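Enquirer: I grabbed these lines from TrEMBL:
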- 1-59: domain 'GST N-terminal' (DOMAIN)
- 64-189: domain 'GST C-terminal' (DOMAIN)
- 1-16: signal peptide (SIGNAL)
Amino acid sequence: MNHLLMVWVLVLKVYRFDLQDFKKINPMGTVPALVDGDVVINDSFAIIMYLDEKYPEPPLLPRDLHKRAVNYQAMSIVLSGIQPHQNLAVIRYIEEKINVEEKTAWVNNAITKGFTALEKLLVNCAGKHATGDEIYLADLFLAPQIHGAINRFQINMEPYPTLAKCYESYNELPAFQNALPEKQPDAPSSTI
């Protein structure tokens, strides 16, 4: 797992870039982007899977087929159901269209809906982490999502005890602590 979190740390802490030069790597001008020799990848999920196949130990997917499917489902809920609604670029765009209360309600609704689905999905298969006692794919997406929900949007985690327990375990991981957005030199000062 550490090799995956290092990607984010390198991008956020070390790698400084000119936006126009960076757009040659990622035409959208957004992170993440991974350059590995002649290979260029500009999508979080694709980068994670590429690195998992290139560095198979420790694996990011459990051997158990059901738990593997749960990892994919959790990732999908975050990527398609929650994260797009709290993406900083989306929020800035929405701010131009609606007032702060409406924006906050819109974001909170997406998080609540997604967390409710995640709680039901994970309640019977979680261990210390989302699908057991090892860090897997779902955890890589859940850890920053839960952190953002709590710290940016003040989401009450009481209705989501499984997710709250996972978050407590993530907070014990040095790699998670080192990758927190607020620890990065370019972290925005705005909370929403």
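Just so it is clear, glycine is given a Cβ too, placed from its N, Cα and C backbone atoms.
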Enquirer: DSSP helix, strand and coil counts for the domain 'GST C-terminal' (64-189)?
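Expert: Per DSSP, the residues of the domain 'GST C-terminal' (64-189) fall into 87 helix, 2 strand, 37 coil.
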Enquirer: Find the average pLDDT over the domain 'GST N-terminal' (1-59) in the predicted model and report it.
Expert: 74
